[in-house]
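Below is one structure; the comments refer to it alone.
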Amino acid sequence: MSIQANLKEVLADLPSGVRLVAVSKFHPNEAIEEAYTAGQRIFGESKVQEMTQKYETLPKDIEWHFIGHLQTNKIKYMAPYVAMIHGIDSYKLLVEVNKQAQKCSRVIPCLLQIHIAEEETKFGFSFDECREMLQKGDWKELHHIQISGVMGMATNIDDTEQIKKEFCSLNTFFKEIKRTYFTDTESFKEISMGMSHDYPIAIREGSTMVRVGSKIFGERNY
Ligand SMILES: *Cc1c(COP(=O)(O)O)cnc(C)c1O
């Protein structure tokens, strides 16, 4: 199947209100152009250098979402253009994004990555670490970032019930912090969850943004 046909298939699964981040990491510009021609405008990348090269060479109305693990020294390269950063998992990173965003006179939307999977290897705040960070309140002084919601990855397994439980826990946590810290913040509204193999479950559990790569672009060679 072609990229355009795959893209259409994924889009047909999304209810209104759920946006697609087409994860184009490790795929060349030609693949992105094919999806772009079909109307896709939001793309997700996990390496700053790769994303920046693509940003510089592809149409400027693309929204670039950074979904990878953040390194403090690389934030400056994407600060001028990145549309959303999905993987914030420490207060220190928020401070650094804020600093670089300020230099470009921007406000960068950020999602708090929460560790919901059983696997040890996935990044993210634990629920308690995130509560503690928000409770401290220092983040309220960071005027060049906007905390727009949460992001999570489920355990990479076939057990549908387990995946569902993990996504459900992220939705419950989203509601808790919305109620506690962001009731009047309209922009705090995103639950970024769901990848190629589990996005239908994520949608049923309240996802507002799915990050789908291989189902659109094919398997990655890395
Ligand atoms: C690679 C990646 C995806 C997309 O994964 P697929 O299985 O190819 O859909 C989604 N989210 C994150 C954080 C990723 O690193």
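Every residue, even glycine, has its Cβ placed from backbone N, Cα and C.
No curator has checked TrEMBL annotations; they are predicted automatically.
Quick caveat, the model's predicted, so the values are computed rather than measured.
The domain 'Alanine racemase N-terminal' annotation in TrEMBL covers 3-220.
TrEMBL lists K25 with the feature N6-(pyridoxal phosphate)lysine. Listed in sequence order, the residues of the same chain lying 6 or more apart from K25 (N6-(pyridoxal phosphate)lysine) and placing their CB within less than 8 Å of its CB are G44, E45, S46, K47, E50, I67, G68, G213, R220.
Confidence for the domain 'Alanine racemase N-terminal' (3-220), expressed as mean pLDDT, is 97.
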